[in-house]
Amino acid sequence: MNGLPATEAPGGAGCALAGLPPLPRGLSGLLNASGGSWRELERVYSQRSRIHDELSRAARAPDGPRHAAGSANSGSAAGPRRPVNLDSALAALRKEMVGLRQLDMSLLCQLWGLYESIQDYKHLCQDLSLCQDLSSSLHSDSSYPPDAGLSDDEEPPDASLPPDPPPLTVPQTHNARDQWLQDAFQISL
């Protein structure tokens with residue numbers, strides 16, 4: 001994405017995720033500064049968007065000496081109009097770039113939150129699977145020897161064992177991140 005090969009990405013080595021290209025230089029520094037926390041990343045993003053909004057407001061305001069010089073030369077043919085058109089085109093381009101950066105940061109925050117949720121869900125499923133495997137191996141009939149020399153009068157050894165415990169349940173966690181994801185994607189967890 002940043003035009004550099006994956007091996008030469010500065011600052012992106014610690015942030016590279018399996019199967020994803022390295023982050024661009026600007027975003028990798030931002031992610032390193034935040035320690036990888038999407039909440040911190042969102043806070044930094046909101047600060048940056050406020051700064052960009054202030055800069056775009058300042059760019060829209062006429063700057064004193066240049067504006068005055070342009071109005072003094074308004075009598076000449078096409079000379080002053082070109083810089084004004086060029087300045088307005090640059091200002092529009094700058095505004096569009098700021099909007100795209102804000103959209104990129106918003107999407108990055110959403111993707112990072114989604115990535116964290118997927119990782120949490122995978123770990124939860126792995127833990128649940130491990131517990132179920134362990135539970136089934138402890139309570140399966142194959143764990144006892146098939147007829148350990150018992151006569152027909154004796155009870156099988158599993159009759160004296162307590163009944164199987166209820167199936168394991170995973171507690172549902174609902175925090176602000178989960179609620180934010182549900183609202184953002186309208187899915188139920």
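For all residues, glycine too, the Cβ spot is worked out from N, Cα and C.
Between SER28, SER106, SER129, the residue that has phosphoserine written against it in Swiss-Prot is SER28. The repeat 'LRR' (86-114): residue composition by secondary structure is 29 helix, 0 strand, 0 coil, according to DSSP.
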